[in-house]
Amino acid sequence: MKLIVTGPRGKMGRLITQAAAKHSDIELIAGVGPSGRDYIGKDLGDVAMTGRQLGVSVVDNLESVIDSCDVIIDFSTKEMGMQVLESAVRHKKALVCGTTGFSPEEMAKFREAASSIPMLYAANTSKLVNIMNKLLEIVTTAVGDEADIEILEMHDQWKKDAPSGTSKEMGEIMAHAMGKELDDIAVYGRHGASPREKGTIGYHSLRAGNIPSSHTVYFGFMGERLEITHHSYNWECFARGAVDCGVFLADKAPGWYTIQDVLHLS
Ligand SMILES: NC(=O)C1=CN([C@@H]2O[C@H](COP(=O)(O)OP(=O)(O)OC[C@H]3O[C@@H](n4cnc5c(N)ncnc54)[C@H](O)[C@@H]3O)[C@@H](O)[C@H]2O)C=CC1
Ligand SMILES: O=C(O)C1=N[C@H](C(=O)O)C[C@H](O)C1
């Protein structure tokens, strides 16, 4: 599988390149970074600190290398993510996108792209988070209407979007389990509303230091509560999952694929 990674100097791009470089089924073709960076033209292995040179460069123009690849993995910014999507559709290349922070209108463009390319979007590529999502569906189906549901997510000080893409996916899964739409029941922060309105999902985002990612969903009852939590200690679990998604997508026909398909959780 011939792979291009965007943002190979970023936190995720670097780890994805490192994981891909160790994978026997993957040939890295190029990295794509922003123009003007001092590492443009340098060896991808050096830029992503894989521990060995890979014999391919980091370029600043995806269009110049895209025809040589089978799959692109993009964990960058929402602006870059939209550009990558356009190029992938134009050149009919499979795309794994793990970038978060897109608007509903932008997300619709990813869905549209699935009619012409193999497309996998995942706000969280950790295996355990996606198993947690299954647990959330079970609990919400059973007690969603009785419980006070609150999501608390924590990330590092540099994270650009809030709430996290993962917590939005979790909220959507729980809302759908209750036969509702998240937009109708999400409450961002609480401002002294009392009593708490039943059937809503509360959102709380915390940004501090270098916390990689924590998500807890609270199901509050009178006299007891259930908490379901995932903590990552670093970003490697997401990079491993992203590479698995890329390998999965390489031989697929155009269509919309999810991480549940990759993990056989559907
Ligand atoms: N789906 C998942 O499991 C996960 C998703 N993420 C998401 O991945 C994204 C990236 O996160 P981080 O790696 O922490 O961010 P980062 O800020 O460390 O890296 C972003 C990278 O994008 C590159 N970039 C920005 N504009 C570019 C352009 N025009 N051309 C080429 N490259 C460009 C930057 O140079 C940088 O290398 C975020 O949206 C984050 O929420 C992060 C972790 C896990
Ligand atoms: O920016 C991050 O770090 C992460 N972003 C994703 C998100 O927005 O949910 C996934 C994970 O939480 C790490």
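Backbone N, Cα and C atoms are what each Cβ position is placed from, and that goes for glycine too.
These figures come from a predicted structure and were not determined experimentally.
TrEMBL lists H155 with the feature active site, proton donor/acceptor. Sequence-distant contacts of H155 (active site, proton donor/acceptor), defined as residues of its own chain at least six apart whose C-beta falls under 8 angstroms from its C-beta, comprise S164, S205, L206, R207, I211, P212, S213, S214.
When other Cβ atoms within 10 Å of the Cβ of K159 (active site, proton donor) are tallied across all protein chains shown, the result is 18. What TrEMBL lists as active site, proton donor is K159.
Long-range Cβ proximity for A122 (NAD(+) binding site), meaning a same-chain Cβ under 8 A and a gap of 6 or more residues, is found for V96, C97, G98, G241, A242, C245, T258, I259. In three-state terms derived from DSSP, A122 (NAD(+) binding site) belongs to neither a helical nor a strand segment and is classed as coil. Here TrEMBL flags G7, P8, R9, G10, K11, M12, D38, G98, T99, T100, A122, A123, N124, T125 as NAD(+) binding site.
In the three-state DSSP scheme, K42 (NADP(+) binding site) falls into the coil class. According to TrEMBL, the feature NADP(+) binding site maps to K42.
Residues annotated as (S)-2,3,4,5-tetrahydrodipicolinate binding site in TrEMBL: G165, T166. Within the same chain, residues at least 6 positions away in sequence whose Cβ sits under 8 Å from that of T166 ((S)-2,3,4,5-tetrahydrodipicolinate binding site) are T100, A123, N124, V129, E153, S213, H215. According to DSSP, T166 ((S)-2,3,4,5-tetrahydrodipicolinate binding site) sits within a helical segment.
The feature domain 'Dihydrodipicolinate reductase N-terminal' is assigned by TrEMBL to 1-124.
The feature domain 'Dihydrodipicolinate reductase C-terminal' is assigned by TrEMBL to 129-263.
Confidence for the domain 'Dihydrodipicolinate reductase C-terminal' (129-263), expressed as mean pLDDT, is 96. Taken through DSSP, the domain 'Dihydrodipicolinate reductase C-terminal' (129-263) splits into 51 helix, 37 strand, 47 coil. If you take the CA of T99 (NAD(+) binding site) and look 10 A around it, the recorded positions you hit from K42, K159, G165 are G165. All chains included, 8 other C-beta atoms sit within 10 angstroms of the C-beta of D38 (NAD(+) binding site).
Mapped onto three states, the DSSP output places T99 (NAD(+) binding site) in coil.
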